[in-house]
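**Q** Pasting a structure below so you can have a look.
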């Protein structure tokens, strides 16, 4: 037997939930997905999932599943990819082969609801060895627009690598570490593709798009252009190269659950040069393809390696 | 001239933005609405708006505009209400007569992006005397499911009436006061309707649906049933009767902008009795109609009064 295959089998790592109460529940309703353990056969529907890609926009996550189907040679002849969560408008979910694509809306609370239910879904479906990647958009600092940032550490608005949340009225601080090996693999993938520039750097995760990211164009602004530039310069000095709104809770929840996780965001503008996304929709649309091209290529490569390992094991 | 009409004219109150930088901008792109000052005639499109209703779900906000069109006798003969933000999937927006209906997604960051752009939209459109109401769903504490809570004060997870946000890396605390007269008017409206029970009470606004609301059914849970009940009992003792995820930043931003604001949420379950939303979809759907019925009735009454005042002034 091929040692790769041996490894594949013995290192089989389940998706962890950490909640003793779940065992005592007769059924588990994943309300915001409109799915549940007593209404759906989750192991049959999702048991083969190895890659989960998440992103804010439902349209982008539908486009991603169409793209990855092509990459993996798994196109539906009718090219129809039904929304698995069609019964709700909270999130959209698509699946092709081992790849699940799920939208999460904007901001930490929105992605956190989705991740709680996604982790339970993967757990109920007995999934193992799952890799999860957030593909998103962001504002860059000191980077050419279109550059991809693969997140090293997700930091808060004071540039510290932590996620604070309130549980039973008390502050709890969680780590925002991501998988360094996965980040490195994605960077190598981008270098091989050679279509756009990618860097590994820190990502600042904020609670607000306007005042929270030192923008001058919100409904409220009580600081100057100089204050803004000072703040962004401090962020840059601390290693931050882009700003978005979901990575900290994503990193923290994936780490707790044992999922290999990465954050891959394209920068739509350089925040030191402006605030508004006034580029043409076509240009912005093209830039938004980049994370999906990179992650699509990565998943294709990984899938081929898994197939090769399984193939040689079967010989 | 009718004194009501006189009043109507002289008390004309614009929607405030507080940002000196806006005046220096050649154009303002409201990116997440796919609208802008150089691409759209905002005063022509939105200048007559007097009521804005916002809610998490795009489907519910479309259903609201259909309902209010019927209430105001402004039905489109084709019954088509186009999504004004059709060029983006971030938010959905509908308008009929003086009523604007906008979705905001889930959680504080998501509604905050929408409100920044909505306030700028109302400002650019020179709107005056605007009333804004959030119609939503929530978990109740000690209330019969289906009861409506009209928010007195929005409080945080430690039951304090404040909203904390980080600007340029520093904590800023803002008030979450809502319009007490408007809340009282809505309660009277509900009493006149006599279709369901409404109360004025405090609403707790959290950053997370599972651990942040002491649920026992998330992917992670490190506390006991007893800890949960203690926390909910403390919330109840402090005057909290329901829990949701947007009211604090909604109250704080509306107060800053001078908008009359209210939060009207139906309770879908009693959190002291459970965590899961496992009721039939029909029952949940029916309960979700209640805020729209109440607010629809309120807007109808107000519109009639405005028409009466204008009518007698013109005599």
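Don't overthink the numbers, they just go from 1 along the chain as shown.
Cβ atoms are placed via backbone N, Cα and C, with glycine included.
Annotations per TrEMBL:
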DOMAIN    B:50-299  domain 'Nucleoside phosphorylase'
BINDING   B:90, B:134, B:135, B:136, B:137  phosphate binding site
BINDING   B:213, B:215  substrate binding site
**Q** Could you say which of the binding-site residues B:137, B:213 has its Cβ with the most other Cβ atoms inside 10 Å?
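**A** That would be B:213, with the most Cβ atoms nearby.
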**Q** Could you tell me the C-alpha distance between residue B:213 (substrate binding site) and residue B:134 (phosphate binding site) in angstrom, no decimals?
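**A** On Cα coordinates alone, these residues lie 20 Å apart.
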**Q** Tell me the Cα distance separating residue B:215 (substrate binding site) from residue B:90 (phosphate binding site), rounded to the nearest angstrom.
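**A** Distance (Cα to Cα, whole Å): 28 Å.
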**Q** Would you count the other CB atoms within 10 A of the CB of residue B:215 (substrate binding site), including those on all shown protein chains?
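**A** I get 21 for this one.
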**Q** Filter the binding-site residues B:90, B:134, B:135, B:136, B:213, B:215: retain a residue only if its CB is under 8 A from a CB of chain A. Output in sequence order; output 'none' if empty.
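**A** Near chain A, the qualifying binding-site residues are B:90.
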**Q** Going along the chain, which residues six or more apart from residue B:134 (phosphate binding site) have their CB under 8 A from its CB?
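**A** Sequence-distant Cβ neighbours: B:53, B:54, B:55, B:104, B:246, B:247, B:250, B:261, B:262, B:263, B:264, B:265.
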**Q** If you measure every Cα to Cα distance among B:90, B:134, B:135, B:136, B:137, the residues said to bind phosphate, what is the biggest one in Å?
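**A** It comes out at 20 Å between the most distant Cα atoms.
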**Q** Could you check what DSSP calls residue B:134 (phosphate binding site) once collapsed to helix, strand or coil?
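**A** Its secondary structure by DSSP: strand.
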**Q** Which state, by DSSP, holds residue B:215 (substrate binding site): helix, strand or coil?
**A** coil
**Q** Write out the long-range same-chain contacts of residue B:135 (phosphate binding site), meaning residues 6 or more apart in sequence whose Cβ is under 8 Å from its Cβ.
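**A** Listed in sequence order: B:53, B:54, B:55, B:60, B:64, B:264, B:265, B:291, B:292, B:295.
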**Q** Quick one: give me the count of other CB atoms within 10 A of the CB of residue B:90 (phosphate binding site).
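**A** So the Cβ neighbour count for residue B:90 (phosphate binding site) comes to 24.
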**Q** Excluding near sequence neighbours, so keeping only residues 6 or more apart in the same chain, what lies with its CB under 8 A of residue B:136 (phosphate binding site)?
**A** B:55, B:56, B:244, B:246, B:263, B:264, B:265, B:266, B:291
**Q** Any idea what the Cα distance is from residue B:215 (substrate binding site) over to residue B:137 (phosphate binding site), rounded to a whole Å?
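**A** Cα-Cα, rounded: 16 Å.
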**Q** Return one of helix, strand or coil for residue B:90 (phosphate binding site), based on DSSP.
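**A** Residue B:90 (phosphate binding site) sits in coil per DSSP, no helix or strand.
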